[in-house]
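> Before I ask anything, let me first share the structure, which is written out below as structure tokens.
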């Protein structure tokens, strides 16, 4: 009686979970056993031992994966084309899980043979080459692709008439335990009523649940306050508006007014971080630069200076005060100061907004803070476990962010040697980092081809931007805080709307890595520096204005146009910076072949 009650409970559980095939198999086994129990009582001990031995041999036999997959493959290909394209969708997840289960059980040779026998069915998959290098159970734990496939389920779209019914009939007749186990554990079917449409290509037909698309939708629902810092209001804001009014008078006044005023409108957001006080001298210097700022637009392009050197030097954050010291080779020898302390190559360096401090990051996994007045190292920040590719001061100083090979970004303050926040979530190196203008968020670009936006207070990822086809090497935030630009290894630049998380427009023009991006002070222009030895200027103001007018129409054309290309002789452009007066500075080092 206890066995019957247990079987009933198991059968109810299978029905509740939707495992109808397994429930039918359980009922058939129970009726078969009840019919044969009266004739097998005399030889029960010997038969049980033989059946257990046979079952153990079948469970450990690697050939069962080959047989289960090949039989299902032959069955699917034998049907009419009207149903075949849906039935073949099952082979994709089944192939990967059969291969990985063979590796997990230690059957490496059989797994390689299985992989090469059926790989031609899935040559379109990007993960095929990555999985080919899996040779041991340890690799299954170390590789991100294998972990993602084994930890998440596939969702497959099938029509109820007749694809799903045909599959159930096949599984019921063959009783392929390997196929049944993988389907029950690794696959969810999204069954739609009606017959199969004659549509072969469907990008969402086979989706890994919990993969980047689903995760992106979930993350991008969070709220983002993209405006400027509220501390920028008051006298500075009033002076800024007055300067604009004076500068608008001229031959191109109408065009300049329309473009600049459109960009300058942005909500004010209170910063969550405790910001440092700004001295009166610094405020006066900022106001002086604002009074003399050149207004840029598609008709008025910036003055451009490009510097080249043979030894590593750092660039200033705002204005030419730091950069003018390295204007010629003779002056470099006289005025450059050598900072020594790192035990490996230095990958990034940045001045504080005022210019009194300098940050540097290195392959020795440390970040160092230097005093430019004392020419001395003040602090060595340790926290990353691998090389630190990038380091960036916040727009107000005091806080800074770092990006590392250990797949994390970290937020620091100058007065603490330990990081305040650790942003973990990228699947590969974090190659670049950039602060939002209101200091509430940081953006990170990674070798996993994604850009993420992080909340500084909580350390959570609140936006994920997907669209790049290679590693992301550079980032830039618009002055109003609404847009972000990112450049990748292929030379593509993508402009993103931070509030919605979608791509506004890709910018195609470079044919090599985009190392640096910079917005002009009013946000009308975007400058990009590349390894193809060019600096390109892009019209952002008029393009975003057109975007706002066409938002209701749902257009997605490439609206951002290139205004000008500024080539160098043979020097890749590694870094760009607009000064507070809207002068564009670029720097680079000559390539080995030049």
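For all residues, glycine too, the Cβ spot is worked out from N, Cα and C.
Since we're looking at a predicted model, the values are computed, not measured.
In case it's useful when we look at the structure, here is the feature table from TrEMBL:
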| type | residues | note |
| --- | --- | --- |
| COMPBIAS | 222-232 | compositional bias 'Basic and acidic residues' |
| DOMAIN | 59-187 | domain 'TFIID subunit TAF5 NTD2' |
| REGION | 36-55 | region 'Disordered' |
| REGION | 222-245 | region 'Disordered' |
| REPEAT | 339-371 | repeat 'WD' |
| REPEAT | 381-422 | repeat 'WD' |
| REPEAT | 423-464 | repeat 'WD' |
| REPEAT | 465-506 | repeat 'WD' |
| REPEAT | 507-548 | repeat 'WD' |
> Count the residues of the repeat 'WD' (423-464) that DSSP assigns to helix (H, G, I), to strand (E, B) and to coil, and report the three numbers in that order.
0 helix, 24 strand, 18 coil
> Run through the repeat 'WD' (339-371) and tell me, per DSSP, how many residues are helix, strand and coil.
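Residue counts for the repeat 'WD' (339-371) by secondary structure: 0 helix, 18 strand, 15 coil.
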> DSSP says what for the repeat 'WD' (507-548): how many helix, strand, coil residues?
8 helix, 20 strand, 14 coil
